[in-house]
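**Q** Pasting the feature list from TrEMBL:
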type	residues	note
DOMAIN	12-424	domain 'Enolpyruvate transferase'
BINDING	Lys23, Gly95, Arg123, Gln170, Arg347, Arg389	phosphoenolpyruvate binding site
BINDING	Lys23, Ser24, Arg28, Ser168, Gln170, Asp316, Lys343	3-phosphoshikimate binding site
ACT_SITE	Asp316	active site, proton acceptor
Amino acid sequence: MTSLKLKTNIYGLVGEVTIPGDKSISHRSVMFGSIAQGETTVTNFLPGDDCLSTISCFRKLGVTIEESGGQLHIFGNGFEGLTEPDELLDVGNSGTTIRLLMGILAGRPFFSTLVGDESIGKRPMTRVTGPLTEMGAKLDGRKNGAYTPISIRGGQLNPIHYELPVASAQVKSALILAGLQADGVSTIIEPAETRDHTERMIRHFGGEINKDNHAITVKGGQKLTASTVHIPGDISSAAFFLVAGAIIPESEIVLKNVGLNPTRTGIIEVMKKMGAELEIVQQNDNSFEPVGDLIIKTSNLKGTVVEGKLIPKLIDEIPIIALMATQAEGKTVIKDAEELKVKETNRIDTVVQELKKLGASIEATDDGMIIYGKTKLSGGIVSSHGDHRIGMMLSIAALLCENNVELEQSEAISVSYPNFFSHLNSLIH
Ligand code: S3P
């Protein structure tokens, strides 16, 4: 475990950062490249620990994946090309890997076992094992299929008509991937719109998927064809610099190559509502995934309410939004965000606990948190608790602190942003 001494009392983050590849889309590029027919080339793939876990699992399932000249080449042979693994499939810390992989493996006629780290061992899997069992797959795990290790014996699947009890892109995507292998048309209904990278990826690989309001329909037995995938920058990674630029005095940061899929841009909506001087320049409305450059300047922020259908569009940004709220005038309320309790850590608890240590005025509620600003931050020893987004949020918080800050378990940041500190240091003059 690595403990890092962080920079404090910084004035002015100035410069340009090219945001690394999107984590959600990087996972899906490997998965779709593996189940399509032919050679898929991926550029700007995110080499974070989570996405490397996805590559390692697909290699164990018999897929050839090569890296050359910064590109990934995936040699897919359809769903039928996947073969029974000799070893355990280790997803590490990655919820997206395990949940989407379950959807793929549910339709494969072989046995496999999925394992992960301590955090994965606490995350609920019944939300996926339940509906996949209804489709005809045999899944099991600790506590009646609720927790890892998860074993799967897949086979012929029936289509499903399923209303998701929680707004989750991982569960939706698992069922879509199983639905692609089922005998008929599946319908999945979301309670609120979640990221649609799986749907976009299916179309990009020549498949068909329809959406009518919140109902998604997908036909089984489709053949997908290899493609070239250019991964846009991850808006969830950009969010740390967006907030840093807004709250640190005398800052101006240009963020290049940021994915602007409308199911992910909740952070931009909230920052604008809070009064941030944030500008979108050079937007490219590419049908696969829209991309643009963003400029953020130090801003006078005011508190706000973050709730309802906006939550899934910024679910991963809530830790950094909480920090932003400590530097906004007045009260900020985050509600309808119970899902935070089952992320890499219980993010209601870890955000509140760690920001309190730095002197923030923040309290936990049943479904979110309440933050009062604007508060000076002091310093001390904080921990990521092994959660990459908590680690990055605390590293930005440290820049505002008056005294020394030490971050424990800083290595977790490599899950989604391996060069986070070199990008951050390049902005400090
Ligand atoms: C993801 C979906 C979200 C998000 C996670 C990535 C995805 O999780 O928090 O970081 O790639 O589909 P849930 O589906 O659990 O909300």
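In case you wondered, yes, glycine gets a Cβ from its N, Cα and C as well.
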**Q** Return the count of C-beta atoms lying within 10 angstroms of the C-beta of Arg123 (phosphoenolpyruvate binding site), excluding that atom itself.
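**A** Summing over all protein chains shown, Arg123 (phosphoenolpyruvate binding site) has 19 other Cβ atoms within 10 Å.
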**Q** For a quick check of packing: other C-beta atoms within 10 Å of the C-beta of Arg28 (3-phosphoshikimate binding site), how many?
**A** 25
**Q** Distance between Gly95 (phosphoenolpyruvate binding site) and Lys343 (3-phosphoshikimate binding site) at the Cα atoms, whole Å?
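**A** The Cα atom of Gly95 (phosphoenolpyruvate binding site) is 8 Å away from the Cα atom of Lys343 (3-phosphoshikimate binding site).
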**Q** Once near-sequence residues are set aside, which residues in the chain of Lys343 (3-phosphoshikimate binding site), 6 or more away, have Cβ atoms under 8 Å from its Cβ?
**A** Gly95, Arg123, Ile315, Asp316, Asp387, Arg389
**Q** Just the binding-site residues from Lys23, Arg123, Ser168 whose C-beta lies under 6 Å from any atom of ligand 1, please, or none if there are none.
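**A** Once distances to ligand 1 are taken from each Cβ, Ser168 fall under 6 Å.
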**Q** Distance check, please: Cα of Gln170 (phosphoenolpyruvate binding site) against Cα of Arg28 (3-phosphoshikimate binding site), rounded to an integer number of angstrom.
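**A** Cα-Cα distance, Gln170 (phosphoenolpyruvate binding site) to Arg28 (3-phosphoshikimate binding site): 11 Å.
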**Q** Which residues, sitting 6 or more apart from Lys23 (phosphoenolpyruvate binding site) on the same chain, put a CB under 8 Å from its CB?
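**A** Expected: Leu46, Gly48, Asp50, Cys51, Thr96, Asp234, Ser236, Ser237, Ser416.
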**Q** What's the CA-CA gap between Arg347 (phosphoenolpyruvate binding site) and Ser168 (3-phosphoshikimate binding site) in angstrom, rounded?
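**A** Answer for this pair: 16 Å between alpha carbons.
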